[in-house]
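Here it is, the structure in full.
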2 protein chains.
Amino acid sequence: MEVFERSFEENIEILQKLLKGNRMTRFRTEYLALHSYDQAKIFLAFEEEYREKVYQYLSPSELANVFDSVETEQHEYMDVYFEEMNNTYAAAVLGDMYADNAVDILNNLSDRERVNIYMHLMKPASAREISQLINYLDDTAGSIMTTEFVSVQEGEDLKSAYQHLKNVASSAETIYYVYVVDDNKRLVGVISLRDLILNEDSKLIRDIMNTRVIAVQVNDDQEEVAKMVMDYNLLALPVVGFDQELLGIITVDDIIDVIQEEADSDYSGLAAVNVNEEHETPFGAAKSRLPWLITLLFLGLGTASLISQYEEVIATASVLSSFVTLITGTAGNAGTQSLAVAVRKLANKSEEDNFFNSLTFELLTGVFTAIIVGATIAVVAGLWKQNFILGFVIGIAMAAAIIVANLAGALIPKLMTRLGFDPAVASGPFISTLSDLTSVLIYFSIASLFLEQLTY
Amino acid sequence: MEVFERSFEENIEILQKLLKGNRMTRFRTEYLALHSYDQAKIFLAFEEEYREKVYQYLSPSELANVFDSVETEQHEYMDVYFEEMNNTYAAAVLGDMYADNAVDILNNLSDRERVNIYMHLMKPASAREISQLINYLDDTAGSIMTTEFVSVQEGEDLKSAYQHLKNVASSAETIYYVYVVDDNKRLVGVISLRDLILNEDSKLIRDIMNTRVIAVQVNDDQEEVAKMVMDYNLLALPVVGFDQELLGIITVDDIIDVIQEEADSDYSGLAAVNVNEEHETPFGAAKSRLPWLITLLFLGLGTASLISQYEEVIATASVLSSFVTLITGTAGNAGTQSLAVAVRKLANKSEEDNFFNSLTFELLTGVFTAIIVGATIAVVAGLWKQNFILGFVIGIAMAAAIIVANLAGALIPKLMTRLGFDPAVASGPFISTLSDLTSVLIYFSIASLFLEQLTY
């Protein structure tokens, strides 16, 4: 339930009418009354002709407020808007945005020359903040932090700290945590606004600050940062450099975006499709799925070619073909389970886990699973086809296929991490297609040994 | 980087030594200096003999603070701790905890009689808050909200609002948003602490409050609540009843838990394994994977039985068997992609999407994918086996199998939602095992029609 009167569609219609009719004052009244998130949604829905008017009707700081509410995933598509503005206006908008958002957009501009132009045209103070952030590696604390935080010196008293807070409150991303630094700008403590309010004005900061500050380093991975915010229920997390100097903060709303991003990435990886992309046409959707499908098709041709080698075996004992998909399918399922668990574990562990311990654990898990499933199918197949050698062959092949698939699902993500890739790229379909190959090899090799007993 | 001196293991060792040696004062000094999240981690690692001492050394409100920092997923296992305490102490701890956490734990107690005992022994005010929350359905706004919020009357001035804030600050979960109600406790506006600070004392609340309050209803689904917090970058979200009366708030840290929970649930569903459970032994891990594996094994036997029907076809044209796993595997991959996209779309849409529009979209996506992949494999198979009838058969069968798998992946989650199940239960392995069946049926039916041309 939202205590707003109109729907999204109604708002767009009304605002577009006002823009078309050059009703600047009325447009500003209506548009600026909305929550900035809704302003952003509406802006993204405007066609170019309407956007041109918006650039004339809104000041740079008003548009900056709208752009600050655009979701992070959309930043890479905002290039086109800045191309539509004159450079001075564009630079002013970027300068008025929160530095972390401006940096994200600038990093995505295709024309690097324009980045320089904007940096020269914007207020020097904004340019300085942006240039501090613009060089950090993607997906590190430095790349998602903002420099708009509040800090005070440890020698100040609460009264002056409070006054300082009021002065900077309108430009800081959050004023609910106040960070305490020493003369060398090193982070030495933190006070919450709650503490500030509840204590007497005359007290000194160093007396009531919390010296056990939870912080991250500027090159820490964003997944670790997210975990820390989640574990400690923080609204913001300070980021320090290599000399413990306070460089920026990461706010909880940005962390929520990181968590969602990582979750989408893991989920997409498991299914070999990017679940974030929304496609206008079925053709576009099909295009996005084809790369993996075609790749796995050719990988699967390897399995087809392998089965080909055993065509005579199959011609001799065609009962074997009934169980091919059962073995490849079940091994694939086991491999997918193992993969999902392994990728999640890799995401959760901060410190280097003992590799051989976890390898042994996965191996044994696979062995137990294999024994139960293998025994089950051995009995069922043997009874069904009235041939216990067949049951035995199916059972052994199934068990071996499951063990191999389990190991693949557990090892390949780890291998990818060591090679520097995101383990979530090792998708479920990749693991199961790979395990099809090994399952078929195991199955027909074993079956060949018992061929006589399997011929009817 | 954490500005703490000792590691987790060192802390546990030291604290256990202090407990063993009955060093109450020293234990309290060391333990209470830690962040409550670390206190919780350490407490969860203590054996029973140590926990018994902790109950004697910490006051109910100190232990309540520790328990409030235990992660939500652990709440169902905390039964055992309360059984170890005497009832009065246990009731006091529950009463001092934030109401939403206490409710979660109480809802998980196996012995309902004890719930009544605790409710009678705790402070009446706490009991009243808890009983308000205890009846809400799982996974709704009501079940994750807390009643410890700050509200003021619209007629008050900022000075008295600020004073009220200072009075309740220590017991409210968050004081950063102050909710404004009318005489009937209906939600009429909100002020952030930032606004409170930046305005003059004498102003009236109703003059500076934001009347466009974003709120949710008490029976709204927690996924919708999470989406709203994410979209509007809120630190807290008010929850109203059916008469717009303010009942509680949901804080962003609880929403992060919900987001993580939903992400884990979707991810687990896609892989047919619960990635959240951590198992002590490989045997335990294997046990948790078996239910789905065995279920899918029997479903797969259906496919095996189907292939059995075609044994003569295979005996006649054994080249067909080479391509079985390629077709089932590729169709399965396409089905998994389709499933992942469908489940994610269902999670994101708040309003009822046009069923036939999205069905047509998915169908067309499948058709385009099927045509490209089918054509590719038709050419490759035809060239490889020097038999273009074979290529044609494989291509048609592949295309048809992909279309069916795509539809299954898109429709089954929707069907499950309409039947009231969580669509994430329709796992990837379930869809691909199902599509194995349809793929095999399609493949061999088509092949039978062209049997002569496929015999060598």
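Note that Cβ sites are derived from N, Cα and C of the backbone, with glycine treated the same way.
Heads up, TrEMBL stuff is auto-annotated, nobody curated it.
This is the feature table in TrEMBL:
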- B:145-208: domain 'CBS' (DOMAIN)
- B:209-265: domain 'CBS' (DOMAIN)
- B:290-307: transmembrane segment (TRANSMEM)
- B:313-334: transmembrane segment (TRANSMEM)
- B:355-382: transmembrane segment (TRANSMEM)
- B:388-412: transmembrane segment (TRANSMEM)
- B:424-451: transmembrane segment (TRANSMEM)
What stretch of B:290-307, B:313-334, B:355-382, B:424-451 shows the most Cβ pairs under 8 Å to the transmembrane segment (B:388-412)?
B:355-382
Who are the chain neighbours of the transmembrane segment (B:355-382) in space, where the CB to CB distance is under 8 Å and they lie at least 6 residues beyond its ends?
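Residues packing against the transmembrane segment (B:355-382) from afar: 323, 326, 330, 334, 338, 342, 345, 388, 390-392, 394-396, 398-400, 402-403, 405-407, 410-411, 414.
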What does the DSSP secondary structure composition of the domain 'CBS' (B:145-208) look like, as residue counts for helix, strand and coil?
21 helix, 18 strand, 25 coil
When the domain 'CBS' (B:209-265) is classified with DSSP, how many of its residues are helical, how many are strand and how many are coil?
25 helix, 17 strand, 15 coil
